[in-house]
Amino acid sequence: MSQRTSRSLTVFIIITVAVFSLIAYLGVRTLEHEVLLRHYQSQNMAQTRVTQASDSVMDILRQKATRLDAITDYIQPNEQALKELVEKDHDIDGVFVLQKNRLLYPNENGPLSQKELAWVQAITPLVNDPSLLYGHNVKSEMAIPQSGWYITGEVQEPLLIYWRTIGSETIGFRVPYIKLLSDVINAVNFDFGKDTLVLVENGRLLYQSNPYVELGNLQPLAEQSLPYPLTGWQVSYYGKAASTTAVYLWGGAFILLMLAIMGLIIFRLYREYTQTARLARQQVGFVSQVSHELKTPLTNITLYAELLKEELDEQHNEGLRYLDVIIGESQRLSRLIQNILSFTREPKLHIQPIDLNPLLAKITQTFTPSYQAKGMTISLSLGESVVVQSDIDRLTQIINNLLSNAEKYATAGKQVDVQVECSADNVDIHVRDYGDGIAEKELRMIFLPFYRVKSGITEGVSGTGIGLTIAQQLAHSLGGEILVAQQSPGVRFTLRLARNLITAP
C-alpha cells in the first residue's frame, strides 16, 4: 500500500469515526432533551393542578368573606338579631362585638349558655388585645386593616374568625372549621386518574382525591403552602414521574438503526473505493511494467541510430535525415515513457549541486534537431553561472516537458525562448513560446491529470495530458512550483526553485 493510499485510508477512517460520533452525540442529546421535556411537562402539569386546587380553597375563603361583609352591612348589632343569625346561619358558629377593649356581645354580665360561655372564654385574648386580629397583616402603623381573617390553634378545634371594623366597633364571626373542610373537599374534588391530590394540615391528612392509591408508591411532583389564615395547610400532587425508559429504549434503537444504515452505506462506499483503487493499482502496475519493458529496446534503438549516424558521411544526406527523424522520435518516445514511469511511481530524490547553464545548454541542444525539423528555433539566454541544489533527473524532466509542449503546441510561433533569472530567494527558469497562447479560463485547469486544452492548437496533436501534471508534481518535490502567465503573443511557463532547498515529503 502506497503512502498516498495509506493517508487516504487514514482520512477515510477519521471521517467515518467523526460521522458516527456526531450521529451518536446528536442522538443522545436529542434523547436527553426529550427526557427533560417530558419531565418539565410532568412538573408543569402537577404545579398547574396544585395551583388550581390552592386557588379553589382560597376562593372559598374569599366568598365567605364577601358574604360576611354583606351581613355586617345590613344587620343590627343587637343581642336578639345576633342570636338569630347564629341559630339560622350554618356558616356562622358564633358572633362577637368589640368596642376597643370592651366586649359588647355576648354580654358577660347577662345569662349565658354553656356554649356562649365557652365562646366568651375562647375570645377573651382578643378582648384583652384586639390587635391580635390584625397583627399578622400590619405593614405600617398608619395603615391598620379594617377587616380580615384570624385563626388560632390553641384550642382543640382551630378557631377561625372573620372580623370587620365599622366605626368604633369590631364585629367578628366564627366560621365552623368542619364546614370549611366540607366546602373545600367539595371544591377540590378533582379526578386525576392514577395520580392524586393531597391536602394536609400540619402533617395531618385532610383530604386525598384518590383514596385507593398508596402514597408510598407515588412521587411528590409538586406542592404549595397556602397563605394566611391557612398557613398550616399544604396542597401536594402525587404521581408517577414521566417514564424515560421507553424514550431511551426506542430512541437508542433508532440511533443504532441510523448508525447501522450509515455503517452499511460507508462499508459499501469503502468496498467500491478499495475495488476501484485495487483496479487502478493493477492498471498502473501494468502500464509501469510495459513502459519499463519498452525503455530498454528504445534505448538500444537510439544508441544504434546514433552509432549509424557517426558511420555515415555527409554524402548520405537522405540517410542522415532519416536517422535524425529516428533519433528525434526515439527521444520523444523516451520522454513519454519517462513521464509515465514518473506518474506511476515516485523515485527517491538525489540532491546535488547543479550548474544550470551547461544543463540547459545540453537540454536545448537535444531538442534542436526536432525543432529545426518543424522550422522552429530555440533561443537560450544565459548569464553568470547559477548553481542550485536539486535532483538533476527531475529537473531535466521538467524542462523536457515544457520544451516538448512548446514543440507540439506552439509551432506557429516559430521560436521558443529559454532564460534564467535570479533573485535573492529564488531562481526562475522561463520557457516562453510565441504561439496562439492559452485561454485565461484554461490556465487553472492545465495542471490537472489528463486535461487537455480544447482549442485549435491541440487538434491533430497527440498527447496524454499528464506532462504538465508530472512537471508540477516534480517541481513540488523539489520545493518549487511552475507558474504560467499569458504573453503577447504566446505563453510563458516559469519553473521557480528556492535558493535554499526545501523538498516536499
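Each residue, glycine too, has its Cβ placed from N, Cα and C.
The domain 'Histidine kinase' annotation in TrEMBL covers 289-501. When averaged over the domain 'Histidine kinase' (289-501), pLDDT in the model lands at 78.
Positions annotated as transmembrane segment by TrEMBL: 9-28 (among others). If one looks beyond the transmembrane segment (9-28) by at least 6 residues along the same chain, the residues whose Cβ comes under 8 Å of a Cβ in the stretch are 1, 251-252, 254-255, 258-259, 262-263, 266, 270, 273.
Within the same chain, residues 12, 16, 19-20, 23-24, 27-28, 30-31, 34-35, 38 sit at least 6 positions outside the transmembrane segment (247-270) and bring their C-beta atoms closer than 8 Å to a C-beta of that stretch. Per TrEMBL, the feature transmembrane segment maps to 247-270 (among others).
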